[in-house]
Each structure stands twice: as structure tokens, then as C-alpha cells.
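Take a look at the structure set out below.
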Amino acid sequence: MSLGQAFLLFIFSSISGIGSSTEEFQTHRPIIASTLAGIALGNVKAGVMAGAAMELVALGWMTIGVSVPPDPALAGVVVAVLVILGNQSIGVAVGMAIPLAVAGQLLQIAQKSTIDIAIMHWAERGVEKGKLSRVSIAHYLTAIPSALRVAVPSLCVAYFADATLVQSVFNAIPKSITMGLQIASGFLVVVGYAMIMTLLNVKELLPFFFIGFLVMTFTSTTLFGLTVLAVSLAIIYFNFYKMFGENDGRERRARTKGNSKNDEEKVSQVKISKKDIIKVFWRTQTYQLSWNYERLHNLCYCYCIMPVLKKLYKDEKELQGAVKTHFEYYNTHQFLTSVILGANIAMEEAAANNKDIDKTSITQLKIALMGPLAGIGDSVIWGIARPMAAAVGAGIATDGNIFGPIFFFVTINAIRLFFRYNMLFFSYREGANIISRLKDVLPKMKNVMTVLAYTVMGGLVAKWTKIDVPVVLYSYEKHGEIISVTVQQQLDAIMPNLLPLMLTFLIYTLIKKKVSPLVCIIGLMILGILGYTFGFLG
């Protein structure tokens, strides 16, 4: 590894590290992080292929509330380094990267529970003293430990992976372990699928999973074709849903429209412009950077709404009071926080111009919306939209096609920007009425997206899960030739992909019974090693 490659690896892994805190541009996902590492190390194709394999394993790794998964950014960089510099097969590299991803998980927990809390309190003390600039400074200060948390371990692995001594250590690993990990890499993906299914957890829609599975098993449908089928089924489901819920929806819209009109009649002395809201929009691009374990998104939220507060409150004491209001505990899904931000901007505008408005209603609105929006965002965006985009992108990237990571990056960011921009302006127009407007929309949206997700997940189980049982059941002679019949052939005669389906639901059941996904991953890796050693897996 040259000095230039080391420098590029440091920069790109730092970007992925910051991405693992913000989760905005998705540069922390293995399919992107590994591709960037491949660019840095001069082998883009290997980086893309390694990232695709790691992404399928990490499909269900998502941050929900204070629950942090193994670090996908570190896993993505390390798997590329081990393949490119360590000359390891992708399956072995994935097996080696998982323990390091767990170490990265512990590093992130340590950072968010110590360093970032200290930085948040430093900003809070600054607000008490009237030093409001500390809010922005503190927000971006947290980028430094986030970057180093991934960049430093990545450089260490790259340095040692490039050394002859460590390469010989890799080569000294027993073949049963390396080949076992290679075999296990074929079915480790089911843990991610099972995690997503657990998050969705809508039993009445589970038949759509089997539709996707059967279509992919018994036809030559591509992933794109499967996605088109899933979208078609989701549209059909939506139309049925719409037919049965149409009347209630009309009544709700009528009530809401009347409320919005009343709001527009209010006279304002200080008016928030589109330009002001655009400033908030740009700030949301790094929204979750400074989250911490004490008050979660409080500093993130305060940083984003700061331009509006500065315009509305010219009196220093009033401005300090408004800023301190947003330093309390806050947590919701980062893509949907724009819904609350927009409504809060409208309420802050009203409060600044009408002294009779109760400021506690601003906090009450945040409390009322952050829970439901977190549930919808985690299940629809993390549990459906991102895994689907990642799975399709990984499928394209399996052979080293750079369009795979590009597809994922463009798709997930288009979704992100759509929610960020449109929800911000929509909720600003609606103000406090946003609660009644969302009551009917959110359940519909979740169920429609669940249909889409189940269909795609079923197809992915059939397409990407590889299990082979080469144990010979019996042999017979035909035309002077000995023909052996294996367990796998008999299972395929019953139904192809039967074992992947059974394994997926086994892991799904274990996770529902609170067995850690990490334990499931380790168990499957051990199964792969034992399967190769004793010859019942190939």
C-alpha cells in the first residue's frame, strides 16, 4: 500500500465513519464504503464485489433508537481491504470483517455515551451564557471522533494486511475454517432477511413473501422484474385499501382543510420565508451527526432549527429561552424529523407573533409526533426502502458492476431528499394540524410498503441464499454408469430452495424469541465450518 493509497483510504473511511453517525447519504453502508475503499486501493471491481457480499449480510443492520448494530462502515472498508490487500476470498473476508464490525459497534457506543455527551453539555453551557454559536460548533465537532472511529482501525487493518507476516498467518488458518466461512457466506444473508421480517411483523401480509419466493424459485425473473411485480402488488393492495377507507378519509380532509384556512387568517409580524426553511433543509443534511445517549437528537434538532429561531426572536433572553426549549430529550427517525421541524417552525412563528400562545405546546407537539414517526420511519425506511434498494444494488454489483453502488446511492438519497424537502414544507403549511392529517396516512403507507417489502424479501431468499447438502443417499447403475443421488437433489425434487426458506424462518423465529442476531450469525458461521469438516455442507 502506497502513501497515496493510505491517504485516500483515510479520507474515504472517514467519510464512511461520519456517515455511520449521520446515516444521511448512506456512505456507511458496505456497498458504498467498500467501493470507496476499492477506489482508494486501486481495485474498484474487487471493492464493489466485496461490498455487495457484505451488504447482503448486513442488510438488517440498522440503528433503531439507542440500539446500535455492528458497524457496517468498518465492515465495508475491512472486507475490501482483506480482499484487495490480504488476497482473501470474499467469503473468508466477510467472516473476518464481522468480528471487527462488532468492535466498531463498541467504539460507537463508547463515543456516543462519553465524548458526544460532553460536547453536547459544552454547547448547553454556551447557550446559558448567550454563546449560541456553540450549538453549530458542537454539532460539527462530533464529526471528528466519528471519522477517526472508522479511519484508524481501517488503516491498521490495511497496514497489517499488506504485511507478509500477517499474510502467512492468514494462510496458516486451517482449510476447514476458511472453506467453512466460504460456505457460511452463502446463507449468512438470511439473518438480515429475518431481521427485516421481524421489524415488519404483519402476519396477514406474509403471503406476499411466499409470492415473491415462489416467483423467483420457479421462474427466471430478474431482480428488476421482481421489483416491478412487488410494486404492482402494492398498488393493487393500496387500491383495495383506498376503497374501504375512502369515506373516512374525505371527512378527515374536510376537517383539516378548514383548520388550515383559519391558521392562514392569523396576522404575523415576523414572517418565515421559503429561504428560511431552505436553510433548515440544508442543515438537515447532517442532522443526526451529534446524537448522544443522554438526550439522543436534542443537539441535532436544535442545530437545524437555529436559523428560524434567530430570525423570530430578536431579544437575546427570548432567543436563549427558545433555544433551551429544544435542548430537551428528543428522538425520532431522522428522515421524518422534517415533519416535526416544519410544524415546529409554524408554531414558533405563531408564538413569536402572539404572546398568548402557550410555548409548552411546542414541546407537546414534538412528544406527540416523535414516537409514531420513529415507528413508521424505522419500519418503512430502514426496514423496507433501504434494504430493497441495497438488495437490488448488491445484486447488480455481485459481478463487480459499478452501477450497483451507484443505483443504491441514487435511489436511497432520492427517497431521503423527497421526505426531507416535501415533508418540511408540507408540515410548515399544516402547523399543529399535522397530527390529524397523518393519522390516516401513516398506517396506509406502512402496509403498502410492507407488501412491497415482503414480496422482494421472499424473492431475495430464493435468489441469494445458497445451501448445498452433497451427502449421497444412494447410488445406482444406469447404462454402465454409476449415478449418485444426494440429499440436495431429493430436496430440490420436493421444492427448490426449500432449505433457504426453512432456515430463514428458523432465524426469524429465533430473533422473535429475543435471540441476538449476532448470536445467529456466529452460529451460522460455526455451522458452515462444521458442515465442511464433516461433509454435510458443500
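Glycine is no exception: its Cβ is also placed from the backbone N, Cα and C atoms.
Database features (TrEMBL):
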| type | residues | note |
| --- | --- | --- |
| TRANSMEM | 31-61 | transmembrane segment |
| TRANSMEM | 73-98 | transmembrane segment |
| TRANSMEM | 137-160 | transmembrane segment |
| TRANSMEM | 181-202 | transmembrane segment |
| TRANSMEM | 208-240 | transmembrane segment |
| TRANSMEM | 367-385 | transmembrane segment |
| TRANSMEM | 405-426 | transmembrane segment |
| TRANSMEM | 518-537 | transmembrane segment |
Considering the transmembrane segment (367-385), which listed stretch of 31-61, 73-98, 181-202, 208-240, 405-426 counts the most C-beta pairs under 8 Å: 181-202
Cβ contacts the transmembrane segment (405-426)/the transmembrane segment (31-61), at least three under 8 Å, sequence gap 6 or more: yes
Long-range Cβ neighbours of the transmembrane segment (518-537) (under 8 Å; 6 or more residues past either end): 57, 70, 95, 98, 102, 176-177, 179-185, 187-188, 190-191, 194, 467-471, 507, 510-511
